[in-house]
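Chemist: I am attaching a structure below and will ask some questions about it afterwards.
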Amino acid sequence: MANSGVMKLVCLVLACMVVAAPLAEAAITCGQVVSKLAPCLTYLRSGGAVPGTCCNAVKNLNNSAKTTPDRQTACGCLKNAYNSISGINAAYAGGLPAKCGVNLPYKISPSINCATYTLSLYNF
């Protein structure tokens, strides 16, 4: 089962890299977003206590996405990951940033419109 999850994650990273290629103005890539959040996968599927490594990853990702294009790219990558990785619980995904003390102006979901999110919507 672990190998299946790892393979899906690798495939998702590769797919995100291809999708993100046209977004040259964004410094962050889908590969970076997905690999940073890999420690959160177990929580996103099963819940329970959020691992410290997961919250560190969420905070690190939030700090890495400094510009509006970066934040829109990260949002799109999160949306794609949500839709591509089986077994992710919507409530766990939507509530993860807040559980880690990160304030996002949206909840991670399969229907989010990432183009509407700009840097000014974020509270630092």
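Each residue, glycine too, has its Cβ placed from N, Cα and C.
The following feature annotations were taken from Swiss-Prot:
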DISULFID  CYS30-CYS77  disulfide bond
DISULFID  CYS40-CYS54  disulfide bond
DISULFID  CYS55-CYS100  disulfide bond
DISULFID  CYS75-CYS114  disulfide bond
SIGNAL    1-26  signal peptide
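Describe the structural context of each listed feature in the structure shown, including burial, neighbouring residues and relevant distances.
Modeler: When secondary structure is read from DSSP and collapsed to three states, CYS77 (disulfide bond) falls in the helix class.
Counting every protein chain shown, the Cβ of CYS40 (disulfide bond) has 23 other Cβ atoms within 10 Å.
The number of other Cβ atoms within 10 Å of the Cβ belonging to CYS55 (disulfide bond), over all protein chains shown, comes to 19.
According to DSSP, CYS114 (disulfide bond) is assigned to a helical segment.
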Chemist: Which site among CYS30, CYS75, CYS77, CYS100, CYS114 has the most other CB atoms no more than 10 Å from its CB, taking these as disulfide-bonded residues?
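Modeler: Comparing the disulfide-bonded residues CYS30, CYS75, CYS77, CYS100, CYS114, the most crowded Cβ belongs to CYS77.
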Chemist: Relative to the Cα of CYS55 (disulfide bond), which of the disulfide-bonded residues CYS30, CYS40, CYS75 have a Cα no more than 10 Å away?
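Modeler: Final answer, ordered: CYS40.
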Chemist: Name, in the order they occur in the sequence, the residues of the same chain whose CB lies under 8 A from the CB of CYS54 (disulfide bond) and which sit 6 or more residues away.
Modeler: LEU37, PRO39, CYS40, TYR43, LEU96, CYS100
Chemist: State the Cα to Cα distance, in Å, between CYS75 (disulfide bond) and CYS30 (disulfide bond), rounded to an integer.
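Modeler: CYS75 (disulfide bond) and CYS30 (disulfide bond) have their Cα atoms 9 Å apart.
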Chemist: Can you tell me the CA-to-CA distance separating CYS30 (disulfide bond) and CYS114 (disulfide bond), as a whole number of Å?
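Modeler: If we compare the Cα positions of CYS30 (disulfide bond) and CYS114 (disulfide bond), the gap is 14 Å.
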